[in-house]
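Below is one structure, written out as structure tokens; the observations come after it.
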Ligand code: PHE
């Protein structure tokens with residue numbers, strides 16, 4: 001160790017970076033796709049409840065672990081441990097999170113590559129390069145490999161430059177632009193035929209589906225995925241926050257931003273699905289299931305943009321470029337986990353660690369691209385529906401059972417003197433100790449049975 005550590009230069013820097021990690025493909029690709037394939041509004045309802053009642057408390061636990069430990073996930077968890085067994089357990093949890101982040105990045109890069117290729121398409125069309133325009137949006141191994149490689153290169157490039165230079169700078173200005181574009185598109189969609197049916201599907205829950213095991217586990221995974229939990233990412237970002245900051249409000253702000261953007265994305269994409277269907281694009285199969293699966297957004301949005309005629313090309317370009325940047329501010333956070341571990345625990349130089357981790361992850365991406373039908377879903381489900389909730393649950397166990405309550409209070413009081421008498425402190429410690437682990441375990445047991 002003994003390496004000088006970076007940190008966020010300001011509170012805004014942290015909010016932007018953590019929100020940058022949270023907001024990404026999970027919001028604009030994952031959430032609408034899951035909503036569409038899990039019965040619409042019922043999924044939205046369960047998702048909202050789980051995001052605020054389980055993901056937010058778990059998010060707080062991870063931020064706190066990181067800020068207390070002032071180090072990578074493994075070191076931070078080990079600082080809280082008091083004996084050898086706890087230290088070993090800490091290693092498993094911390095390292096498990098890092099592996100989980102690496103696995104997520106390996107498939108995330110592929111989907112981010114699709115976003116980039118869909119940003120190139122309108123450009124190619126404007127330049128009358130029709131052959132290129134066609135090629136970039138046709139599923140193909142070469143295209144997938146090429147765009148994944150470009151995306152990974154950008155991720156490696158940013159992370160090799162460190163926290164302030166890299167992460168913080170890139171997270172700025174993006175969010176407001178994304179929100180403005182989303183809201184404008186929502187307003188536009190609602191004027192089109194078919195949109196009201198979509199709004200109904202999105203906002204009117206079928207309560208009988210709320211306890212459906214598949215729906216519950218998908219919503220749980222999605223909520224944890226969206227807040228980047230169980231991957232060591234929020235532990236490491238927590239470690240970069242200054243001690244004078246109030247973690248409780250920072251965490252709440254990031255959660256609200258993240259959930260709102262997912263909600264807006266659904267409000268755009270679900271109605272747009274019905275609009276596309278009304279225009280003759282095949283969205284639903286005869287049995288009501290979705291035809292495109294993980295490609296849903298890539299069917300629905302281009303159809304929407306096409307209907308806007310010439311403006312559509314500009315809007316499509318802007319949208320997919322913003323999405324690619326949003327994906328980048330998430331992917332850099334995933335790479336930061338393994339890199340900070342290698343730098344702090346094994347004294348590897350930052351640049352070397354970044355390149356090595358990036359290459360290993362890219363090799364996994366190549367394997368996925370070559371077996372895309374099978375491996376993409378497999379790795380995504382393994383990492384997000386199982387890995388993330390389990391590791392996040394174990395982080396809650398750490399805070400609730402291994403750490404002393406008085407120590408937790410001491411850490412959380414920094415930057416928040418009044419916390420001891422707040423509602424948060426009345427509920428949260430007890431909540432992370434019992435409710436979070438039990439609820440997460442219950443969802444798993446329910447899904448297995
Ligand atoms: N939260 C990111 C998104 O919604 C994905 C992510 C998962 C980022 C895990 C970091 C760690 O796109």
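Cβ atoms here come from the backbone N, Cα and C positions, even for glycine.
No curator has checked TrEMBL annotations; they are predicted automatically.
According to TrEMBL:
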{"type": "TRANSMEM", "residues": "40-59", "note": "transmembrane segment"}
{"type": "TRANSMEM", "residues": "89-116", "note": "transmembrane segment"}
{"type": "TRANSMEM", "residues": "145-163", "note": "transmembrane segment"}
{"type": "TRANSMEM", "residues": "175-195", "note": "transmembrane segment"}
{"type": "TRANSMEM", "residues": "215-242", "note": "transmembrane segment"}
{"type": "TRANSMEM", "residues": "254-276", "note": "transmembrane segment"}
{"type": "TRANSMEM", "residues": "312-335", "note": "transmembrane segment"}
{"type": "TRANSMEM", "residues": "355-374", "note": "transmembrane segment"}
{"type": "TRANSMEM", "residues": "386-403", "note": "transmembrane segment"}
{"type": "TRANSMEM", "residues": "423-445", "note": "transmembrane segment"}
If you count CB pairs under 8 A between the transmembrane segment (386-403) and each of 145-163, 215-242, 312-335, 355-374, the winner is 215-242
Under 8 Å, at least three CB pairs between the transmembrane segment (254-276) and the transmembrane segment (215-242) (pairs 6 or more apart)? yes
Could you tell me whether the transmembrane segment (355-374) and the transmembrane segment (215-242) have 3+ CB pairs under 8 A, leaving out pairs under 6 positions apart? no
Is it true that the transmembrane segment (145-163) and the transmembrane segment (355-374) have 3 or more Cβ pairs under 8 Å, skipping pairs fewer than 6 apart in sequence?
yes
Ranking 89-116, 312-335, 355-374, 423-445 by Cβ pairs under 8 Å to the transmembrane segment (40-59) puts first 423-445
Given the transmembrane segment (423-445), its same-chain partners at Cβ distance under 8 Å and 6+ residues beyond its ends are 53-54, 57-58, 60-61, 216-217, 220, 248, 389-390, 392-393, 396-397, 399-401, 405, 408-409, 412
Sequence-distant contacts of the transmembrane segment (355-374), meaning Cβ under 8 Å and at least 6 residues beyond its ends, amount to 102-103, 105-107, 109-110, 141, 144-145, 148-149, 152, 155-156, 159-160, 335, 338-339, 342, 348
